[in-house]
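Let me begin by presenting the structure, written as structure tokens, before commenting on it.
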Amino acid sequence: MPDDRLTSSRTTATFGDQEVIRGEGGETHQVAGGDVPVLTTQQGIPVSDDQNSLRIGYRGPTALEDFHFREKIFHFDHERIPERVVHARGFGVHGYFETTDSLSDITRADLFQRAGEKTPVFVRFSTVAGNKGSPDLARDVRGFAVKFYTQEGNWDLVGNNIPVFFIQDAIKFPDLIHAAKQEPDRGFPQAQTAHDNFWDFISLSPESMHMALWIMSDRTIPRSFRFMEGFGVHTFRFVNAEGKSTFVKFHWKPKLGMQSVVWNEALKINGADPDFHRRDLWNAIQAGDYPEWELGVQLFDQDFAEKFDFDVIDSTKLIPEELVPVRIVGRMVLDRTVDNFFAETEQVAFCTQNIVPGIDFTNDPLLQGRNFSYLDTQLKRLGSPNFTYLPINAPKRPVNHFQQDGHMAMVNPKGRANYEPNSWGGAAGGPREAPDIGFKSYPAEEQGAKLRIRAETFSDHYSQARQFYISQTPVEQTHIADAFIFELSKVKTPAIRSRMVSHLMNVDDELADKVITGLRLEQKPKPADAARPTRKDLPASPALSILLNGPDSFKGRKVGVLVSDGVDIDLVKSLKEAVLAEGAMLEFVAPMVGGVKASDGTWIEGDEKINGAPSVVYDSVAILLSSAGAALLAKEATARDFVNDAFAHAKFIAYNTDAMPLLDKAGVAPDIDKGFVELKGSGDAKTFVQTCRKVRFWEREAKVKQV
Ligand code: HDD
């Protein structure tokens with residue numbers, strides 16, 4: 001195995017996109033397939049036999065002297081590092097950010113100065129509550145952390161796919177996370193908020209109500225990382241060359257529009273493909289279909305902040321885009337998967353305090369607390385203050401300072417001077433401060449008594465929760481109510497269910513009534529006492545809906561085509577052509593993975609076997625069968641599920657007449673609606689793909705859900 005650590009040996013090689021010294025010895029030897037490097041120990045000693053440990057006699061005991069065996073097992077025993085206490089399950093990829101609109105009048109941040117300039121980035125998407133091995137489609141907030149390797153150092157924008165947060169003060173973070181994760185006595189449930197502790201905490205924390213609405217919406221079950229928004233959440237500051245400050249909120253807008261799955265799909269996808277999101281991103285990038293987001297900023301001044309209904313440093317509130325428009329200033333393209341998951345995705349260390357000249361913090365108490373937590377957690381996780389030397393964390397500009405030593409010190413300052421001021425002249429004296437270009441904190445004036453209080457300006461917990469709810473389409477409102485009913489039905493303590501409903505009564509009567517009915521609460525609770533009794537009726541903000549901001553094409557989506565022997569080759573060809581022309585993907589699902597023989601003898605290779613690719617993993621499906629194939633698959637339970645689920649999940653379904661026996665056995669034949677497209681001739685495939693641009697036939701959903 002090649003050894004990527006720093007050694008004293010001779011060659012350099014690329015690791016990710018970093019050049020590092022690499023321990024490749026000079027020796028190679030010939031095996032079938034050509035010259036390969038010689039296997040060595042960590043000390044570079046060539047290994048003759050890696051199959052057998054050293055033993056005394058043919059069947060005797062293993063010798064302690066076997067340094068190769070001991071070194072190999074020792075290293076293996078130490079392979080794991082602590083997983084992140086939150087956001088343990090993540091997936092990282094490389095890309096670049098391109099400035100499209102100079103912001104030089106607003107900020108001196110180098111990366112925003114010149115339109116057309118590209119800055120390398122590393123992005124890690126994650127779920128929050130689940131452990132490292134938990135399924136991708138848990139109902140959960142998604143982390144959206146971006147490390148910009150700018151020419152003035154690393155800037156980490158450590159955001160989520162939701163623009164607000166559960167709590168207002170970082171001191172509540174451990175409680176929130178303890179309540180969300182597995183209950184400590186039993187060690188479950190995994191990656192779920194549907195349990196007593198979580199809803200107990202939330203229902204006792206009215207400040208969480210806005211976020212509670214968001215997490216019960218389809219934002220927490222995205223179809224793909226590629227189809228979700230990202231947010232910096234907090235209000236930050238931009239500071240320009242003259243020292244003038246402008247408040248800013250950051251937004252990532254997916255080029256392919258937003259899209260989520262439905263809850264019943266999420267449950268099934270987690271079983272069928274726990275790696276659904278990472279596989280999706282990996283496949284898209286490997287196929288050259290690079291996902292893209294626009295970076296937008298909401299800019300506002302102190303005057304706006306003072307007039308706004310809410311405190312701009314309260315992270316449980318957002319500023320509607322209709323009030324402060326989002327100005328697009330750049331785009332981010334993710335175009336490279338990692339070479340090594342551990343070295344990059346696992347070892348990347350995001351820290352909110354990593355900011356660059358021209359960007360600054362505000363007094364948001366959540367942000368202030370985060371600035372302590374992230375550096376601290378990286379030391380625990382990565383084990384040394386020298387984690388900044390790991391290639392994935394190292395800035396892509398020269399680093400000069402007098403910090404030294406510690407575990408794994410890889411690059412210590414050279415020369416005699418390891419302190420300053422010093423009187424060693426010139427280069428011998430080492431690096432010096434640069435008052436003209438160095439980072440300067442914005443000189444915000446602060447005064448006041450030392451207090452443990454929550455500002456009065458943070459006290460309205462319901463108005464924006466309601467605004468979010470009324471901004472949703474009826475389909476989305478139903479999903480929110482259903483999610484509350486689902487989660488609270490998993491709560492075993494009736495008092496917690498009622499307490500949660502008492503908050504919903506302060507949000508929206510119709511929502512509360514739906515949940516009361518769905519839970520079959522016999523006694524309607526009293527509305528929760530609110531710190532501020534009156535709730536402002538804010539106008540709807542269409543930007544908050546997923547469905548109103550969906551895709552305008554089927555690009556980047558995937559069609560699952562169920563095929564059988566004898567399938568009409570012309571239909572298959574025309575469908576494939578139409579799907580690819582749209583920039584979408586297509587997979588053949590066959591009774592056996594080897595594939596099927598089409599009507600003209602053409603062999604169609606299967607991408608999946610029918611029981612390995614239920615329709616939940618596709619955006620739409622096509623059932624293209626011969627009559628013999630339909631008769632066979634009508635007897636196959638997984639084929640019937642394929643059709644039935646696609647129908648229940650309001651997917652668009654293409655089919656040919658010969659496939660009818662399967663549709664019939666699956667119980668959907670009597671309900672063929674406008675979400676079905678019959679493929680008779682080659683022109684119909686195009687119609688089907690155009691229909692799919694709407695992603696779902698939502699009109700069907702209400703008909704398949706009666707309870
Ligand atoms: Fe956090 C990780 C996002 C509040 C403490 N957080 C972490 C990650 C993301 C966020 C995306 C994963 C980074 C990665 O991929 O490595 N966190 C947020 C957002 C918050 C937030 C958007 C609210 C606006 N976080 C928050 C608070 C605290 C933390 C209030 C503590 C006081 N977060 C952490 C942490 C983590 C972390 C313990 C765990 C692993 C890590 O930092 O690197 O420090």
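Heads up, the Cβ atoms here are built off N, Cα and C, so glycines get one too.
Just so you know, TrEMBL annotations never went through curation; they're auto-generated.
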Recorded heme site member, picked from R124, R219, R223, R327, that accompanies R84, F173, R370, Y374, R381 in TrEMBL: R124
Which of R84, R381, all binding-site residues, has a Cβ with the fewest other Cβ atoms inside 10 Å: R381
Rounded distance in angstrom between the Cα atoms of R381 (heme binding site) and H87 (active site): 13
DSSP-derived class (H/G/I helix, E/B strand, else coil) of R124 (heme binding site): strand
Shortest C-alpha distance to N160 (active site) - which of the binding-site residues R84, R124, F173: R124
For F173 (heme binding site), the number of other Cβ atoms found within 10 Å of its own Cβ: 18
Diameter of the heme binding set by C-alpha atoms, the set being R84, R124, F173, R370, Y374, R381, in angstrom: 21
Number of other Cβ atoms within 10 Å of the Cβ of R124 (heme binding site) across all protein chains: 22
Cβ-Cβ distance under 8 Å to H87 (active site), same chain, at least six residues away: R124, S126, T127, V128, G143, A145
